[in-house]
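**Student:** Annotations per TrEMBL:
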- 83-117: repeat 'PPR' (REPEAT)
- 153-188: repeat 'PPR' (REPEAT)
- 288-322: repeat 'PPR' (REPEAT)
- 353-388: repeat 'PPR' (REPEAT)
- 558-635: domain 'DYW' (DOMAIN)
């Protein structure tokens, strides 16, 4: 009788615990859930045959994104008691925490066990597939959707279309799934819109946007980000006005962060400033930490590092991502000493992570702080408990290579615990070019070809190295090989915002409406640069068959110089000089690394025209003032 009563009371208590755990899952109350977990363990409830408590705990830790605990609980549930819901819950947790392949492996295990698959399971699996970004796996998931009979489910179709959008932009497949849907939600339309904007262009996206029977905040955000990302600031502001004032939508933190991210990528600070003002109006100074972090990142990547620092200092809630954003921004702007100075303050406030040290090592690399970089790398695991990743090794190779310590850099590459990737070897061959180490450059090039045979940058670097070393025949032969293989250099593009409008230039570009005025200014600028000692650096143009060598004809050398004069950066600078108020700063964004000739020209131009000229190239920022650059020619 006592044993029956004990079982009855324990069962009732277990039911009560399960109810409380479910409540914690819904509210994401991890601390309270852990307390209940401890109480259930101490009271011995988990030792009774009440496996549903383990299930409830699994759901709690999964919903709170506590992967280690979720993994432990999943393993604790007896195999005979694991059901579809348990597998689905853990698959969702793995996917959200950045382990999509493990999530798909778990789904395969679930199928092998013969457990039923429903629409909820399939949505979680498709989300993992979208995160993985593998189109082949996406096709297999599509076949599974049809096979298990959930192809009519709206949520499943939405997730399936998202897979095709994320996995290479298969807009045709997206539209096919969309057309076959018997019922469509606003999410269905929005997923198609995202694919069209991303892969067919913002104009095609606007046509679809205007056709939508209903629009949610995500649809508006997709269009806004599309406009900002393509430099269509005027259209973005018009859409914002319609969204906020005509349709009554407020901008939530997701929309604000998405727009700020697009501003950071495109360099559109005018839209970023508007979002900053809106955020202050709606949230005050105590704004959401994600919005504050996005603002820091946006200002830094738009060349306004002082504004980024001001926002950072006034942000009351900061996490490790916020700190990483400002340290990364300082690194890009060549302010390595400031980044190092701020690091002890960070350690007092938050725990640094792997990204923190990537930012610090990059800051040391761009500022020539070799000893400090070596110290950070040595302390990475011994002091901060962070195992070095391949990106950390890449930063160190870059740091040593820039300083001319190529032997040490090569030793580090060979002693890495994992094979070097393109980033690591690319840094090393770049240093070989800078310091004229042709033999090592040839060796590294052979390894890079195996990784990415079509990457033009490394082929061109090696060809230039041959030419600069006097091996003209090898350089010519190498260029012929590139032509036969159909390998073409990625065209350099430079952009500049004037009055909220994006203006783009390529080398020798004559498509701009103000081309005549731009080239008049360019000719005048070159004359003024020459008058104060500017000499064209023709070594930047060895691919044209002339590198300033004695055997170059006067005509060939003149042709090379004319090509140099019409580089995209100089065209953007000329346009900026004729289109902005005298003395105002100019911000230029380039998709490739700025060449040595343009770097020299920008320094002199900043002094002649009394302008600050900020150039963001693929690697970093160069702030030219009064004849000098923030990089101190260490780049």
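Please read every residue number as a count from 1 along the shown chain.
Keep in mind that glycine also has a Cβ here, set from the backbone N, Cα and C atoms.
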**Student:** Summarise the repeat 'PPR' (353-388) by DSSP state, stating how many residues are helix, strand and coil.
**Tutor:** 27 helix, 0 strand, 9 coil
**Student:** Report the DSSP secondary-structure composition of the repeat 'PPR' (288-322) as helix, strand and coil residue counts.
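**Tutor:** The counts are 26 helix, 0 strand, 9 coil.
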**Student:** Using DSSP, what is the helix/strand/coil residue split across the domain 'DYW' (558-635)?
**Tutor:** 33 helix, 16 strand, 29 coil
